[in-house]
Amino acid sequence: MKILLASSSHLGIDLLKHLQNSEHQLLGAISSPDQASGRGQSISSNEFAAHCQRNDVVCDKPGSDQQLSEVLQQTQAELVITLAYGRLIKANELQMPKFGWLNVHFSLLPRWRGASPVQRAIAAGDRETGVTVFKLEEGLDTGPIYSTISYPLDSKSRSDEVLTHLASLSIKPVNEALRMIENNQSPTAQSGDGVTLAPKILKSEGRIDWSKDSKEIEARIRAFHPWPGAYTLIDGKRIGVIEGQVRDNKGAAGEIISLEPLIVASGSSALEILRVKPENKKEMSSSEWLRGARISLPCAFE
């Protein structure tokens, strides 16, 4: 089968390498256009596109629907696989490849349809996630399913680590989907039950609301690592919270009730903060931060 892989994330690299060494013909890759980044706003490629360039994989970066259609027409791809591509595909583009488009989605659909399924699953306290490979259609992650594989979540799961595992795990259900397509086997329609949405994470969601339950706060710290990053304020200064654990202490929401260890009251019980990242400084233990922060009780996070 003649395949194109579309991705704009380092998470697509494992699948790219697999397809290069498979029985199928990888025609090349598609990625998002280069963008300005960093303090100097220099133009650079994303990690997936940069990997393609280093390894002599043809990588087109269409900036418009017309350009994408031209790539599909010129390559005569029979199938396009997307993994964290970050672009809505129009109906006419979906119909151009002989076998359509497959999407590799990091949840067990229909739970967590949308842009941020892993972060939403961890924040919600889910105990399982996985990979779903389905046929793309115009709806938001609504297409029929070829294959799934599950992956356990626990009280230590962080979104960056889970995403890396799922990217590697995705190879197996992709292989199953390709086998089914070659054998003319149809995918299964998604259930209408259990649908939840996973909208894109907003930067503002990183700010900790100390009136919330401490278990919810701790889960969001793990869900939003590394981006947008959980944070709180003290005396107007931003402090990133990297790691915490739930404690039984009581107090007013946001109140620092202990410095050694650093324990903060929430809407229910409390949270011990283990690691922080002060603004414009490196990550450090909370005790290391406190040694230079000159904080004394009583005080509170905002």
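Note that Cβ sites are derived from N, Cα and C of the backbone, with glycine treated the same way.
The domain 'Formyl transferase N-terminal' annotation in TrEMBL covers 7-165. As annotated by TrEMBL, (6S)-5,6,7,8-tetrahydrofolate binding site applies to Ser107, Leu108, Leu109, Pro110. Residues or ranges marked as domain 'Formyl transferase C-terminal' by TrEMBL: 200-293.
This view paints the features noted in TrEMBL onto the structure.
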residue	record	CB count, 10 Å
Ser107	(6S)-5,6,7,8-tetrahydrofolate binding site	26
Leu108	(6S)-5,6,7,8-tetrahydrofolate binding site	21
Leu109	(6S)-5,6,7,8-tetrahydrofolate binding site	24
Pro110	(6S)-5,6,7,8-tetrahydrofolate binding site	18
Subject >> Shell list ((6S)-5,6,7,8-tetrahydrofolate; ref centroid = CB of Ser107, Leu108, Leu109, Pro110; cutoff 8 A) >> reply: His105, Arg111, Trp112, Arg113, Pro117, Gly130, Thr132, Asp141, Thr148, Gln190, Gly194
**OP:** Across the whole of the domain 'Formyl transferase C-terminal' (200-293), what does the mean pLDDT come to? Round it, please.
**Re:** 96
Original post:
Counting each residue once, how many in the domain 'Formyl transferase C-terminal' (200-293) are helix, strand and coil under DSSP?
Top reply: 22 helix, 36 strand, 36 coil
